[in-house]
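Over in TrEMBL, the protein carries these features:
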- 20-39: transmembrane segment (TRANSMEM)
- 51-72: transmembrane segment (TRANSMEM)
- 93-115: transmembrane segment (TRANSMEM)
- 121-139: transmembrane segment (TRANSMEM)
- 160-178: transmembrane segment (TRANSMEM)
- 221-242: transmembrane segment (TRANSMEM)
- 248-269: transmembrane segment (TRANSMEM)
- 290-311: transmembrane segment (TRANSMEM)
Amino acid sequence: MVYFPILSVAPEYFDRHRGAAMGFILSGASIGGLVLSPLVRTLLGVIGVRWTLRAMALANLVITLPVAISAPPSRSMTRRPTLVNIRLAKKPAFILQSLAALLQASGNFVPMTFLPEFSTVIGYSVSFGATLLAVNNGINAVSRVLMGVTADKLGRQNTLVLGVAGSAASVWSLWLAAAGNGGKAAWLTFVVVYGVLAAINPPSPPSNRHNCSEMTANSSVIGAFNALFPTTITEIFGVHAYASVNGFLYFVRGLGALFGSPVAGFILGNPRVPSPGHETSTLLHDYRNLIWYDGGLLLASSLCVIGVRGFDALEKRKWAWRA
């Protein structure tokens, strides 16, 4: 409830350093997840679920109330639309941006969903797989700021294209190599590279009474795509249309997240971890099918983002290398 309103209002207050500003803002979600996860787990064991929820609600109130009171008024002189304008919705750039959001959300969830399980397939322990997930979260917190600063230097749309295309390339090169021979070096490299480019830690099925803390960490990590997503919306569609377009595209991303990992799980089948009667080589083959599916989603998303870049330049009748 706090995260999305901040994303909706923050970009209009920044111009020249908008990418860096959004990177800093979004990095707070990663850091918060790393801090709050063990804190919530401790609170659940000490004061129980109900009082933990009350404590978190009070903390949100204490933090956000001063922000709401001290926030400067909107720069917009007119009331902003809450629904996407039909004329805008018919533009090729908007259609491709929507497809990019759908495909990227569906593909971006997959690697981190299966990170702990794949780690056990290639010989790591379950606890080490969980540690890799935490490492990925920490890398992602730093990468958001770096991506934002890079976007201000090289162009926000350019950096977004590189981020999405790079995530697809890392899936089809590093993760596929790890699934080909069970190589641990390729897998560890992938965890780091993907954490920089596009890592998202999706909601996992709650396994016990500590599911509140799991959900806190899992909902906090959104990668480079989301760090640059709001800034490119503002550039392409304008500040006035930002709130409506941003809301619609996050709705589309939610739809993509609904089918990305479930379809991947269907492709993988059961079992997903080594067990008696199921050789590691067979599991790695099943993971390769999943990896081709995931890389295809991310590649399609990157092509859509490239298309947005082209149609935006065509509409403005001006090509700029730094955009």
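Cβ atoms are placed via backbone N, Cα and C, with glycine included.
TrEMBL labels come from automatic prediction, so no person has curated them.
Model, not experiment: these values are computed from the prediction.
Most Cβ pairs under 8 Å with the transmembrane segment (248-269) belong to 93-115, among the candidate stretches 51-72, 93-115, 121-139, 160-178. Long-range contacts of the transmembrane segment (290-311) within the same chain, counting only residues at least 6 positions beyond its ends with a Cβ under 8 Å from a Cβ of the stretch, are 91-93, 96-97, 99-100, 103-104, 106-108, 110-111, 114, 157-158, 160-161, 164-165, 167-168, 171-172, 175-176, 179, 198, 232, 236, 260, 263-264, 267-268, 323.
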